[in-house]
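Below: one structure, written as structure tokens.
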Amino acid sequence: MSSIRLYNTLTRKKELFEPLEPNKVKMYVCGPTVYNYIHIGNARAAIVFDTIRRYLEFRGYEVKYVSNFTDVDDKLIKAARELGEDVPTIAERFIQAYFEDITALGCKKADVHPRVTENIDTIIEFIQTLIDRGYAYEVDGDVYYRTRKFKEYGKLSHQSIDELKAGARIEVGEKKEDPLDFALWKAAKEGEICWDSPWGKGRPGWHIECSAMARKYLGDTIDIHAGGQDLTFPHHENEIAQSEALTGKPFAKYWLHNGYLNINNEKMSKSLGNFVLVHDIIQQIDPQVLRFFMLSVHYRHPINYSEELLESAKKGLERLKTSYFNLKHRLQSSTNLTDDDDQWLARIQEQHEAFIREMDDDFNTANGIAVLFELSKQANLYLLEKNTSERVIHAFLREFEQLLDVLGITLQEEELLDEEIEALIQKRNEARKNRNFALADQIRDELKAKNIILEDTPQGTRWKRG
């Protein structure tokens, strides 16, 4: 039985995770509208839900992960007009850019990345069924969802229909029955990209695409539906209304939403000029640092993006990597066994269990990272031992590799290779033997500048990364 507990936006409480089918998870994550490069707010969602997927797989679940592309909508049509290009060309360019960005950030591709334009027939069929059942109606080529007919409308965002009605209004030119009704199909305007339908030429509304594609690739009911907090209403609320009206079944068992991202304590917006694109920022900083930073705060909490906090994340990640590479280096001088192996192996197991405990509690990556720092501290203490064993070193290395892989952090080799360091130490030893202390000091300083610390012992010169 699962020990994972997750916070469900639908019920506003933590619940024991019990997928519909044992050991299998069907997960749908709302993807980007591909009219531009993704910004760091999009990146947070991509990183968070990639990590949750990785953790579920680490715990033995088989995850089918679907994340869509909105490759036709008002923003794309506007961009096409401004750039003098067609919508498919712009969409394709930014889909490829999206893959480049998320790959740099350590995110795995989804099992399926459906596009709206490749699923028009599925969407039309879905809309027609809603019309047949009285949940939708057509007016002059537009099709609207009859919101009041769905009695549970507002259950995800915890708003009553009357509260919503008070803030709703009908725009000029709209022919809706009710201000709360929303578009499922939009009649084509002159010069716009469009498709044939039973209601004339047009294109899908935003909300219907996710309902149709989630059902096509994952079935009537899915385990986890996820996205940014800003999508809770109206997007996810409308998805529930559409899908449950069609199937008569719950659309998703668990709803997960990541918190907002602020820039220097201000909301990110183009008008404030603080809009940060992933494409730009990863030219300036290591993408792994950006990922580590995003995971340093619980996914449901707001996160504040600043240079100071990024620098702190960079130093934290360097601490973990330094411990890891110092362990790798010590393997060369370790023995088969030492007397206190079992004691150290027990400490490593404690950290393994602590990591699982924290991540089982609503995927708390912030506390999971704290466990990794404790593992690093234990590793550093072990490296102070006069004699170290291969068995313990390997156990530490495996633990670092396994837990960092859950967080999507790769352990790449340092720029200065062990062989290069050993060659410089050999050169320094010869210089000392020949009483060329100036050269010996120069080599020590050169290594120190590369964060390599030397320790001269009766058994020879040892080194470690600082």
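Glycine is treated like the rest: Cβ placed from N, Cα and C.
Positions annotated as Zn(2+) binding site by Swiss-Prot: CYS30, CYS210, HIS235, GLU239. What Swiss-Prot records for LYS270 is ATP binding site. If you look up Swiss-Prot, you'll see SER271 marked as phosphoserine, on the strength of sequence analysis. Positions annotated as motif ''HIGH' region' by Swiss-Prot: 32-42. Annotation source Swiss-Prot lists motif ''KMSKS' region' at 267-271.
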Tell me, by DSSP, whether CYS210 (Zn(2+) binding site) is helix, strand or coil?
helix
Going by DSSP, how much of the motif ''HIGH' region' (32-42) is helix, how much is strand and how much is coil, in residues?
3 helix, 2 strand, 6 coil
Between the binding-site residues CYS210, HIS235, where is the Cβ count within 10 Å the lowest?
HIS235
Zn(2+) site shell beyond CYS30, CYS210, HIS235, GLU239, criterion: Cβ within 8 Å of Cβ centroid:
TRP206, HIS207, GLU209, SER211, HIS225, GLY227, LEU231, HIS236, ASN238
